[in-house]
Amino acid sequence: MEKIGRSRLLSCTFFIILFGLLFQVTAHYHTSKTFIFRIDSESKPSVFPTHYHWYTSHFVHPTHLLHLYDTVFHGFSALLTHQQVASLAQQPSVLAVFEDRRRHLHTTRSPQFLGLRNRRGLWSETDYGSDVIIGVFDTGIWPERRSFSDSNLGPIPSRWKGGCDTGVRFTPNNCNRKLIGARFFSKGHEASGTVFNDTVEFLSPRDADGHGTHTASTAAGRYVFEASMAGYASGVAKGVAPKARLAMYKVCWKNSGCFDSDILAAFDAAVNDGVDVISMSIGGGDGISSPYYLDPIAIGSYGAVSRGVFVSSSGGNDGPSGMSVTNLAPWLTTVGAGTIDRDFPAEVVLGNGRRLSGVSLYSGVPLKGRMFPLIYPGKSGVLTDSLCMENSLDPDLVKGKIVVCDRGSNPRVAKGLEVKKAGGVGMILANGISNGEGLVGDAHLLPACAVGANLGDEIKAYISSSENPRATIDFKGTVVGIKPAPVVASFSARGPNALSSEILKPDLTAPGVNILAAWTDAVGPSGLESDTRRSEFNILSGTSMACPHVSGAAALLKSAHPDWSPAAIRSAMMTTATVRDNTNRQMVDQATGNASTPYDFGAGHINLAHAIDPGLLYDITNDDYVMFLCAIGYRPRLIQVITRSPHKCPRRRPLPENLNYPSFVAVLPASSSSRGLSLRSKTFFRTVTNVGEPNSMYWVRVEMQAEGVKVTVRPSRLVFSEAVKKRSFVVTVTGDAGNLVLGEAGAVFGSLSWTDGKHVVRSPIVVTQAQPL
């Protein structure tokens, strides 16, 4: 009996201790968050054989460690409490700590619209990019799509070190000579407390969302015949670099976003694997631009660029508001969105006979001209009603009618679903002031048409003034040869640069409106869970779609010029970009219909017909970027957070505008009340490298129509030879504060071009004012 009692006592004691430990672990995970630590790797004591041993012995318990970084970034991410973080931050080897942050995705004919043609030019000269590897950071990939076939492709480049992860419905057998790598990064996502829903997501590189499949095939999809989305945009689908190899790095999860800790791990893996280009249609979304030393995307991309990897990023979809562009680091190539010369028109026909133009990708049973009652729920004055939010519509009012819904707050296709659930027969999606006249097509579940703000107001006025308002929707299919094009998309994020006003962002624009590309088989084209339709292709809009166009373009240029740096490739694209549409007029802004500016399109819309032979390049070295960081006031310790190595800044602080960028932003101090101080100037130093004919001569041409601004360039002629491939010049922008009139954007614009009679190397000029600090 005594032994039995003692045994029970020991058992009870064991379970009490075990319960206590479990309680502590559970409490830790409930109060913890993921933090990313930037560590001075040179501080590792020699007693530790690896950094992993050092980190897990000195900083964090192995069970709390998520990612170990050792390539583009030195450090780790871990699940810790704020108290633990505060203690660790005091360690001298800890250079920086930042909390893991959730990022968001920025959501046949476009290659031709870039100036690419079969069997000639950049495609033929690079064998369609067959020797270049593009790494895509996104939601994964649907490997069975024809766009990822490896038919007639040569062997995988021997330098490739990557692999294919095994997971749910994905094995290494899903990879081939086209899709040569596929990895997934979920530790940050899982540590965030987000519940993983395995009924709608795959814990593997397989794409449950569709976004990653779309961007990957936009950059490098193979030729696919008889491609379309339910009959729209039918023809031959192909990516910008059809033979380039693809590696997918799944860092974004359906309905959950993308976490910085996972993105950093993907940067580490991609650079180690051997990619040449990284395509990243991911960015902020909280309206805040973090300093570069607190931005893991800026830090990871610097590590990649410093090793020769070109990184293309989307500028964001918060346009047309000013200062909305994201991904601002000067080593990133930041891409805005423009239209192509293809559209999907539809018409709203009102009971009074008015026919109003809009767009639609609806592919179901048409209304066949039948008129239906027309209502606008927003007449009630309730915001949720006007936006057709979930459960906001009264079936008694909606049933059998076409419903006008205002754009905003919830997804456009979700509004149509609400109308359908309430018994409506159709929807008219009306833009508000913020979207202006910018339209994108959507694969709605019911007959629907999107219209601009002006026509939306006209429809609402008709409803208010008519005793029996009625309408129908007429769908017109696919129309090509649209003019004008390109047009800057209304949603495309705009400058100026919120962090470094001397660096113009976005850098350029690319096709990003109504782009056809491959799609997942896990969800219908609307992306809604209730959408049972399945489509091999889908049509999407966003700077997410523009970014992979530039990534594919970079792959082609890298193939044609293997010795070009990422900055040189960007320079070639920027200085040959077009600012004119297919009517030979200045590109317009879709939101307003007015002429667009470099704050909208950067250097212009990409034109690959000329980028292969740009004449001159503005190159930038790693040391140049370090000098830029010194110029914006970063101390050596903060610079080391980004560059991984300690650097000393010169005693005389450099100027940020002297980074050898292919654009010029003159931020002049505001005028002083003192007489004689009305003239303000800004001087830029630039160096160009000749990559054209060795013996050549370039003359400068400046266009600046604004009153009160004078631009001088010295020298005005650059002479190159076999021995002299680089030349420097000085640009001085002088503003007369008394006569300088800034436009609506708060700036005036012009351009500087070097030309030898064959090449035109064009850079935008922006002149603005700022109050001195």
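Cβ atoms here come from the backbone N, Cα and C positions, even for glycine.
Please treat TrEMBL annotations as automatic predictions, because they have not gone through curation.
What TrEMBL records for 1-27 is signal peptide.
Here TrEMBL flags 40-106 as domain 'Inhibitor I9'.
Taken from TrEMBL, the feature domain 'Peptidase S8/S53' applies to 129-594.
A C-beta separation below 8 Å, combined with a sequence spacing of at least six in one chain, links D138 (active site, charge relay system) to L105, D207, H211, G212, T215, A216, M248, Y249, K250, V251, C252, S279, M280, S281, I282. Annotated active site, charge relay system per TrEMBL: D138 (among others), in sequence order.
Per TrEMBL, active site, charge relay system is recorded for H211 (among others).
Summarising the annotation, TrEMBL assigns domain 'PA' to 374-459.
Among the features that TrEMBL reports, active site, charge relay system is placed at S544 (among others).
Annotated domain 'Subtilisin-like protease fibronectin type-III' per TrEMBL: 658-767, in sequence order.
Burial estimate for the active-site residues (H211, S544): highest at S544, by number of other CB atoms within 10 Å. The predicted model assigns the domain 'PA' (374-459) a mean pLDDT of 93. Residue counts for the domain 'Inhibitor I9' (40-106) under DSSP, split into helix (H, G, I), strand (E, B) and coil, are 21 helix, 21 strand, 25 coil.
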